[in-house]
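Pulled from TrEMBL:
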- 572-583: compositional bias 'Polar residues' (COMPBIAS)
- 600-613: compositional bias 'Basic and acidic residues' (COMPBIAS)
- 74-251: domain 'SMP-LTD' (DOMAIN)
- 242-369: domain 'C2' (DOMAIN)
- 387-528: domain 'C2' (DOMAIN)
- 693-814: domain 'C2' (DOMAIN)
- 552-649: region 'Disordered' (REGION)
- 12-35: transmembrane segment (TRANSMEM)
Amino acid sequence: RALLWLGPVYLAGYLGLSGSWVLLALALWLCWGLIRRGKRDRLAAAFALLEDEREAVCRGLAARHLPAWVHFPDVERVEWLNKVLIQAWPYFGTIMEKTFKEVLEPKIRAKSVHLKTCTFTKIHFGEKCPRINGIKAYTKEIDRRQVTLDLQICYIGDCEIHMDISKFNLGVKGVQLYGTLRVILEPLLTDAPFVGAVTLFFMQKPHLEINWAGMSNLLDVPGINVMSDSLIQDFIAARLVLPNRITVPLKKNMNIAHLRFPVPQGVVRVHLLEAENLVQKDNFLGAIRGKSDPYALLRVGTAQFRSRTVSRDLNPIWNETFEFVVHEVPGQDLEVDLYDEDPDKDDFMGSLLISLVDVMNDRTVDEWFPLSKTTSGHLHLKLEWLSLVNNQENLHEDKKGLSTAILIVYLDSAFNLPKNHFEYSNGECGTKKIKNNKYLKKMEREPSSFVLLTVGNKTQKSKTCNFSKDPTWGQAFTFFVHSAHSQSLHIEIKDKERDSALGTSVVCLSHLLKDPNMTLDQRFQLDHSSSDSFIKMKLVLRALKVEEPDPQKVKAGVNASKPGPVRATDKAGNQQKFSSPPQVSKVAPMSKDSASLESLPKKDSGEDLEAKDSSGAPVPCEIVSSLDEAEGKQNPEHGPPSTLPSGAAAMPTLPVLQEMRVAPSVTSLGSLPSSCFELSSSNLDIHNGTEMPLGEIQLTVRYASIRQSLVVLVNGCRNLVPSSNRGVDPYVRIYLLPDRRWTSRKKTSVKKKTLNPQYDEKFEFFESLENVKKRTLDIAVKNNRPFISQERKELGKVRIDLSQEDLIKGFAQW
């Protein structure tokens, strides 16, 4: 071992090489060892979790290690299924060992001459079997003739597979695999086996980590490890990640073509507009903070786009548009990551995850979204859901150059491909030339063909079918079409070994318009090929229809909070019109991530207020109260307004409103693209420990479906009771009971020496709606007193039973 260590050092000195080479080799060796140790540690931690899940949960491991049922109540534990897998795993291992030896080994040897010595020397799948951490079954928004399941797969295996190739030993010793596997059982039948076929695929690229053995350890060398891991993940994605599927028929004579390649559910058009208040990542000498160079990465499934980089700007404006094909809803989400571009490594600036189910339901969403995993920053997106229709009237060309249709190509197979391009290019002359060629044997081999499909400036490549004149690809491709009347689909079949064309074809998309369903399913004659060479494809053209938003839902946007006239209607139908008073125009403007209140039905008084102006005029709670009070005076038959408790302050009148701020809402985070929502009186359970009122707090509460979070907006307090002569420094503390942990506590800033503080601060609790409905919101107003002070700390408290509230609709109230 000492000679092994000193040998390279002596050799470097003997050859007169610089000592830098020795240091470089040492650095590479240290990095390689660090990567190997990290893999072993992660594998050991995963094994510990697998051995005792309950103890691991109690120890509070990182959230990524916890099973899905811990975070999501609609994910069910299936321990009985895991017990079945444990019992069946040894028999599955035996079957796989036989498959490796009898099926996989001959296929590897046939791939290349250099692999003819390939032999599996050891195949052992170990004692650890895959585990299903949870199953989510979908019962809504799916066809009634199918069953859709999402399986949270976790495989932490101690398998050992070793292979010898020309005296080189390669192997794997341990695998980690995490991912969400979707299983679709369809169609459901009325006779045995009751299910026609099973379709399997991963929603996104699964996390895969392999612990190499033998000479394969070289794949862990820095630089090579990233490339090898990405190649393996791309190999899996090309077969098992959407839009690729594996469909297994369970009933004889079952046509599974439409199951393997279903028409996508729609297209989401993402307008990346701008961002604001991004974090500063660039710095000089670690102390002087500078501006960042932000860009965005947008992903839906395996499709990913990158925006342009805006130099030295924390409030960048992009105004770019991206289009994604959506294959599975629910299931696929829009992911947006912001990065600061740097010469070495780009810095992370925040992320955003948007459920496409909500976009599909809302049709158009135009909002500011707060970035997560960062300290500040908002992103302005406009999302449009485009439905796929076979109506040719929707194929008009877009003036902005956006896509108007989508072309789906189901590439099936080809027939009678020539062995080489000389068979058709030169006829007899070509045959004579090839006979004298020293590569005659290579030319006589069956072609290894792949297909290049091109529409416009986008080209996609199929997989390669080795050594076959009648290859079968069985793949689907999608292309965005700007002008169906003028664009064409170009097909070129090429031989991988010789990189020569075996045949071409051009299909004008206008031919699909002659069919009522805009579909062609046939064989196409290949040009520049043999006379009997064909390619079989199915072409489906669908127009993109921009769905109009539901008129019942008010659209949201940055200008959604424009003031306008207000109309009050009494029970008898008499209308009293009010113009916006001049002093209301002095109300502070809304922030971009906030919207204003449009209407406020009053359950107590029975009056119904609605906006007259089409822009959706905001009506603050104080204005509504004043209008109701004034109307009560003009209409005595309605009775006097409810009497306020002793000591309570009267509602402010219109002249006072110029000094008050409009309470912003939180709809910019919600699932509905609405800048306003109806407000309803909530039955708040107030506990202040005394009969005397201690003041009021204004809250806006709503559940944001897109963000999967409960959003609480603390607007402000008024008429607080001082706890001492020196005044109070109030702040608001929030718990989502029964969770009283210090880490889950939310707290506003402290306002100095005031009994009417204004906060306008927003807080989020990331919980499912079902879980939030079981919680109670505990809000306390406290005095920021000195540590040794004897002053009363708590100024008042209110609890809201969230099970009694319509959180999707939301409410705002003093």
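Along the chain as shown, the residues are counted starting at 1.
Backbone N, Cα and C atoms are what each Cβ position is placed from, and that goes for glycine too.
Worth saying up front: this structure is predicted, and the values here are computed from it rather than measured.
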Seminar exercise, completed: The answer for the transmembrane segment (12-35), taking Cβ pairs under 8 Å and residues 6+ beyond its ends, is 220-222, 225
Problem set entry | Whole-number mean of pLDDT values that fall within the domain 'SMP-LTD' (74-251) | 86
Exercise. How does the domain 'C2' (242-369) divide up by DSSP, counting helix, then strand, then coil residues?
Worked result: 11 helix, 63 strand, 54 coil
For this session: Pull the DSSP breakdown for the domain 'C2' (693-814) and write it out as helix, strand, coil residue counts.
Result: 10 helix, 57 strand, 55 coil
